[in-house]
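Taking it in order: structure first as structure tokens, then the write-up.
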Amino acid sequence: MPHIVIDKIKDLSFPQKIDDIEFLFKAQELIGVKTPLSKFLIKVQKRENGYLVKYDKITRPIISEIKKAYIGFVKLNDANIIFENISGIKEKLPNKNLLSIDDDLSNIDIVEVGFGSGRHLIHLAKENPTKIILGIEIHKPSIEQVLKRLEHENIQNVRILNHDARIILSKIPSNRLDAIYVHFPVPWDKKPHRRVINKDFINESIRTLKKDGFLHLRTDSEKYFNYSLNEFLNFDKIELKIKKNMPYIVSSKYEDRWKKLNKNIYDIYMINNEISPKLKEEFDFSFEKKLKNLTFKPLIFDKFVIHIEKVFKIDEEKELIRLTLGNFNRPEHIYILNKEKPEYFKKPAPIKENYLAHLELKRIFSEFN
Ligand SMILES: C[S@@+](CC[C@H](N)C(=O)[O-])C[C@H]1O[C@@H](n2cnc3c(N)ncnc32)[C@H](O)[C@@H]1O
């Protein structure tokens, strides 16, 4: 884990700003940081030889933002770095193409889920210079690598989002996309609830695709192919085209590997024949009253879960609450700044289960106290 050890820290009041880095508050060992691209927490812990500064795993952004925060923190405290394990990352990483979950996604034309090494993503960008391509990926090193390539090749029409793709489609307007690509998704044979292709994802794909737009699934797993085909067959107003060992314009790293092993490759094109209704109003994740009488027992509901894990004190009036909230199968780890009018330190993704969990959280801990 990239971290630094510094020789001293000052007794500072918060908020503080240095260059374009804001240090928002201190909640015991946690410090809220806002960089131009992200909002996250760093942890500062006393050690024998100084103070260990590391990032909080739940809110972790990409490494370039962490590095900016560390540098800002060193400057803020007039400190010296005693130890660091991020010296290899010398160059400032390019990230103008990097989006955050709160950014507007209404101008996206094409989506690629889990782009990995990015060969196909970059091919799409070059083939479609007038279109905006969104690549969604959870693996941060792949993101760093692709961002560098985009900068190096001066590619302007790609946007990158570091998030679970299953959540992101719900932010894209209806009837907007030309295509969605899911190439060689992880089959998750033992943890099927983690699969990208599922009923919700297909539903959202149909909603976001234009009429005649398509979702292209390419996989080397016969099991995943069969599973996906069955999922697609639950839907009307779509057309399915199936191919086996179809040569494709770009061969990704995974594909090269499977071809060497002489494995079969399966393609499903799901073509959308439907014009969908508009996306519902944005969900309102605000609070009116401070949350009180917190309980640490997980609260399990039909479609969602709320679990308050820990509370970090900031001062007499304020605290930071760490909790898990949202869809039972993929809840989000988040923080709430609990004060007179609480706010999420990082908002939950705007999906229905998160919103329902938010309403319940408000109902239990603020209305009845
Ligand atoms: C087997 S690799 C394939 C990469 C690339 N498409 C290729 O063909 O080389 C699967 C990729 O999907 C990403 N991934 C898995 N689940 C994801 C999710 N829910 N949202 C976004 N990306 C995901 C993984 O991090 C990984 O990079």
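Backbone N, Cα and C atoms are what each Cβ position is placed from, and that goes for glycine too.
Of the listed candidates (Glu112, Glu151, Glu153), TrEMBL assigns Glu112 to the same S-adenosyl-L-methionine site as Glu137, Asp164. Same-chain residues at least 6 positions away in sequence with a Cβ under 8 Å from that of Glu137 (S-adenosyl-L-methionine binding site) are, in sequence order, Gly114, Phe115, Gly116, Ile143, Val146, Ile160, Leu161, Asn162.
Taking the centroid of the Cβ atoms of Glu112, Glu137, Asp164 as the S-adenosyl-L-methionine site, the other same-chain residues with Cβ within 8 Å of it are Val113, Gly114, Phe115, Gly135, Ile136, Ile138, Leu161, His163, Ala165, Ile168. For the recorded site, Glu112 (S-adenosyl-L-methionine binding site), the DSSP three-state label reads strand. Not one of the binding-site residues listed as Glu112, Lys190, Asp220 brings a Cβ under 6 Å of any atom of ligand 1. Around Asp164 (S-adenosyl-L-methionine binding site), the same-chain residues at least 6 positions away in sequence with a Cβ under 8 Å from its Cβ are Ile138, Arg330. Each residue contributes its Cα atom, and for Glu112 (S-adenosyl-L-methionine binding site) and Lys190 (substrate binding site) those atoms are 24 Å apart.
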